[in-house]
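One structure is given here, and the rest of the page talks about it.
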Amino acid sequence: MTVRAALVFLLAVGLTGCVTSGDQNPLKTDKGRDEARDAYIQLGLGYLQRGNTEQAKVPLRKALEIDPSSADAHAALAVVFQTEMEPKLADEEYRKALASDSRNARVLNNYGGFLYEQKRYEEAYQRLLEASQDTLYPERSRVFENLGLVSLQMKKPAQAKEYFEKSLRLNRNQPSVALEMADLLYKEREYVPARQYYDLFAQGGGQNARSLLLGIRLAKVFEDRDTAASYGLQLKRLYPGSLEYQEFQAEK
């Protein structure tokens, strides 16, 4: 289970935005420098999205040459190093980004995701909590989902449930969050709401070993033998070597 970083394009600025006619140097004006910086960031993100991290560094470095304090450039470079499994360098870049823009919810959310991957759960929680304060952040539902996932790792299921509920209030179309709610409620023996959340998950989520096992367990609670059998066959066919299949066999 991983926390999803909300990596988005920063500005819709193309490289052609930096080109001017004549002998005028666009980097001599504030507007020209801003456009050049943003174009380089866009180019770097394009390489990053295609999985070419080495090539992504070149335009991102150029962006930082133009604007050494660019939070967006540092944040993008942090994701590059995170992808390359260079945690120390990624951490440094995230910190530089936040030094320039300490309230940037996107950077805080991405940094929280990085800290989660590093199992630094207390730090991740604090960064994500800061990100959640931005009520206008368009990916706020993802922040609450991430807070819920971190809370689970901190052994705080009640707190996790509150965050998952907040996430779903902001965006109902999140199968992964619905599955987390179904799992928590099943463990609390709240079977009716657990099934409701599971049905919400099933409407838009692809099944995996974990979800199939939960579906089997819920079907058994409600004595739905056909559904339990169907999920059992899928689990056997698709995930025969999984821990979930072993648990399913043991529970027969």
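Note that Cβ sites are derived from N, Cα and C of the backbone, with glycine treated the same way.
In Swiss-Prot this protein carries:
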| type | residues | note |
| --- | --- | --- |
| LIPID | Cys18 | S-diacylglycerol cysteine |
| LIPID | Cys18 | N-palmitoyl cysteine |
| REPEAT | 32-67 | repeat 'TPR 1' |
| REPEAT | 84-101 | repeat 'TPR 2' |
| REPEAT | 104-133 | repeat 'TPR 3' |
| REPEAT | 139-171 | repeat 'TPR 4' |
| REPEAT | 174-203 | repeat 'TPR 5' |
| REPEAT | 208-235 | repeat 'TPR 6' |
| SIGNAL | 1-17 | signal peptide |
For the repeat 'TPR 5' (174-203), residues assigned helix / strand / coil by DSSP: 26 helix, 0 strand, 4 coil
For the repeat 'TPR 4' (139-171), mean pLDDT (0 to 100): 98
